[in-house]
């Protein structure tokens, strides 16, 4: 029998299919399956392209399944699939493009590039900073992702979707392409692409079938990976919300501590190297003294970026959480614009637009200027950034959270955005807690303050008003039963004569008058201004208001009703005698005099600093100008009472303007604001000298409300300090009253606060009063009256008064210095004599001639 050839055996088996199947199952099936399952690699020759038998293809499939079972890394599994596909499709190269959404825009980025049958994973894995990114409207892969259909490009030169920029970048020529989307349900997850069919002009229909068949493995791998990733993200998000929620409800009082506790607690779940939180200033409206320089043209208006609700973007604090290397937290109050977390401009941009920004390659970013060098000694550099706004329930941006460098080196993806956004959104909503607490605390403080006011102050009652409006004695009825003409007749007989009492003079002294007489003088000023009839002020309300004001001032050493009246009297004198009334309307004059009378009502005899140190409810209620705002609120509280409201017959516009003028006037008495406004006032005075006629200047002044407000604010300061301008016999007494009140505060600081007071408030340094007075006159007071005397020469008597008083205080200060110098010289003489006597005593140690004095602690026998 001759030798049987392979062709004959193959022909026999093809003709006897049943026999071939029985023979294979009996002899080889168990061994093949056993060998296949036990093998570490498929027994297929990949060294050159060739057609595969069904057994070899089965081995490839089993190899892919085993790899999928044993390998948890999605990139490696997909890489193995692509290597096999390269061989099966006889493609020169394959690449994988991952679908993602960045800043709301879909795109494709290379994850595995230039995979071939002999490739190594590490060479094909694309680093985040080396990605090639395709938008969906560009290239064949973009078209595939957009259409969600397989694409077989026979000739790239004739295809409208082909883009050659990758060929130009890699110096490679793409002739034909076979690409298909990898789907998860209806969503595109990635696009896989094979290029350049080997030994054939293009990919065939058979290649499309092979690709789709083996793509099931890629689909399965990506789906499992995607579901695993989603599960991980949702788990992290749940943990973040759970832990941040626990810390949010632990801290209900302060937004900064609330954010800090929540963000620090969830740091392990954020999957980044570093993150920072910038807190925004929530101030929407500036104080008038900050607006004046802009309105006066002395400072340019703010032209920088603003939040969507119109606030100036000002990060008042940045909290930096460092998670790489040694963990650390840095809190930067009032960070400079060049701080590393702000210098790029990204947080400002996010605060301005309210958008989430995902920067995947920070060093290559053109729009934002990130630092390209290491930030610290550890060599840490910014690679990718995710920044988003923190928005409260009112849709106001309260801060910006920025996360740097995902830990696995990849850029932040859509799920990271969702996770971080959940945290930022939760923190934004949680701001409602400290806001509500602050509102409740504010109401509680108001309640405490008003309870204290009610205990101490009582408005003018029906018995007290009879001391001035003697309606029972004259008409036998109550004031509210009388006509206005009847009340006017009574007041005409009761109120003092303005000329006789000199209430319009700068040298007026309250010392000879009783407090009731001062109330009557105050009422008379309203008649002198001719505002009672013009604005239909009820005369009963006027009397009750002035009497209540006198009771509203506490019985303290200096800041009592007498001081309040003196400030009102000086305001009246400046308007009438100083001729400043020409710049103001009658309504404004009414508001200014009323504000002057109210300016220190319910003063406690201690200053603003003491309120803060003692943690007085006032300090918690008012952030700045603490006492001044309290005086203002107290005065407005009296005016809200119908029986005391002298503004009750003003129309709405007049009432709002009068209250506005009072707001500015009373707050302007805070000396802390004095140095802000005096330069502006000086420029107004200088400008007044450039006008030829008084009428032209007056018309110019009345055109601009801001100029009038600045003058009024400086008038309030001049009124508040006016005691320093009184005749010496009056001023010297008042100065002692001021000093006595200061010393009382110093005593409180010693006993209550356990602190040493400043020299001005130290009773033990009372002898230095003349020197302190001279310093106060030079540093604070002289400027006011010198400028007012330049502004209006009618006010010169006030400057003369302060000049004379300075001479008196200077003489006393010099006398004190002379006495102290004499005492010091006498003391030195006594010490010298005592040392000389000690040197002559037996056992003493006299110093040699011209030598040092003998030691006080050592004696040689």
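Heads up, the Cβ atoms here are built off N, Cα and C, so glycines get one too.
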### Task
With 599, 600, 720 listed by Swiss-Prot as binding divalent metal cation 1, identify the candidate in 563, 655, 657 belonging to that site.
563
### Query
Rounded to an integer, what is the Cα-Cα distance in Å between residue 600 (divalent metal cation 1 binding site) and residue 559 (active site, proton donor)?
7
### Message
Using other CB atoms within 10 angstroms as the count, which residue among the binding-site residues 563, 599 scores least?
### Response
563
### Message
Counting Cβ atoms within 10 Å of each candidate's own Cβ, which of the binding-site residues 600, 720 comes out highest?
### Response
600
#### Entry: residue 599 (divalent metal cation 1 binding site) versus residue 559 (active site, proton donor) - Cα distance in angstrom
10
### Query
Under DSSP, the domain 'GAF 1' (73-222) has how many residues in helix, strand and coil?
59 helix, 49 strand, 42 coil
### Query
Hey, does DSSP put residue 559 (active site, proton donor) in a helix, a strand, or just coil?
coil
